[in-house]
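Participant: Would you mind keeping the following structure in view while I ask a few things?
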Amino acid sequence: MFGIWGTFSSVVFYLTLAVGLGGLLGNALVLWHLGFHIKKGPFAVYVLHLAAADFLFLGCQLVFSAVQAALGSEHSLYFAVTFVAFSVGLWLLAAFSAERCLSDLFPTCYQGCRPRHTSGVVCGLSWALAPPAVLLTTDACGLLRKSARPLACLRYHAASVAGLLALACAAFAAGLVLFVWVACCSQRQRPRFYGAVLGSGLLLLICGLPYLLCWTLRPYLPSFLLSTFFPLATLLACVHCSARPLIYFMVGRQPGRWKPLRAVLQHSLGEGAQLGASGVSLPMGRV
């Protein structure tokens, strides 16, 4: 029995490493091309920051996994630091999906009411607010140090879980609404980033929620259940962060025609002067 469990744990561990390495490479390519070679519009700014958050999550995951393999024990900062990067990505995904949905449902109103530099401000707030929200909770619940404060842990943890679940629901709902709108109600062509929003929402539902569930239940799960559930949730979270560059590639490629990687990413991530498919223009610098 223990031999089977040891083999299973090893397989999950090495799969996590392999997926993480592939995801690091994919997100590094997105960061390189989108950061230096592709013109960025308001939605591409979200994609750039999402790639940075995914790269940070996968990098932390691989570093802590290597430390765990070398020392034979898990560092106390492991889950807290990696979940910070995961939560930043969740904030960014929710904002990106909601804004992409609103821009297609209400193009004229959205273009007229959208403040300048909205994307940059929202991304900055995500990076600034998500880490304290996670670290305050982990500290109160005794994950950063031995002393725990039960009442503070309950308050912080309840607020954190409610906020993260709201973000996850917003990201998935925006993708679902956009899918219904394009499939049933809109006669126009698919808007830019439609495939990225829909694919990211499905990935979050299938692969991201188990990691979020692990965060929700971690202070209350017995150690033997946690040791079983956490490696699988981590593997799925790595798939969630690693598959996004593949989505961009699949959205940008054209069947039957070979194009360089930069051209494929340009087709899927670049933005022209059109906001969505509505014919409403939005200046490239308005991020």
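Using the three backbone atoms N, Cα and C, a Cβ is placed for every residue, glycine included.
Bear in mind that TrEMBL entries carry predicted annotations, made automatically and left uncurated.
Values in this document were obtained by computation on a predicted structure and should not be read as measured data.
This is the feature table in TrEMBL:
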- 26-248: domain 'G-protein coupled receptors family 1 profile' (DOMAIN)
- 12-31: transmembrane segment (TRANSMEM)
- 43-64: transmembrane segment (TRANSMEM)
- 76-96: transmembrane segment (TRANSMEM)
- 117-136: transmembrane segment (TRANSMEM)
- 156-181: transmembrane segment (TRANSMEM)
- 193-213: transmembrane segment (TRANSMEM)
- 225-251: transmembrane segment (TRANSMEM)
Participant: Do the transmembrane segment (225-251) and the transmembrane segment (76-96) come close, with at least three CB pairs under 8 A (pairs 6 or more apart in sequence)?
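Facilitator: Yes, the transmembrane segment (225-251) contacts the transmembrane segment (76-96).
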Participant: When you look at the transmembrane segment (156-181) alongside the transmembrane segment (76-96), do they share 3+ Cβ pairs under 8 Å, ignoring any pair fewer than 6 residues apart in sequence?
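Facilitator: The answer is yes, given that the two segments have at least 3 Cβ pairs within the 8 Å cut-off.
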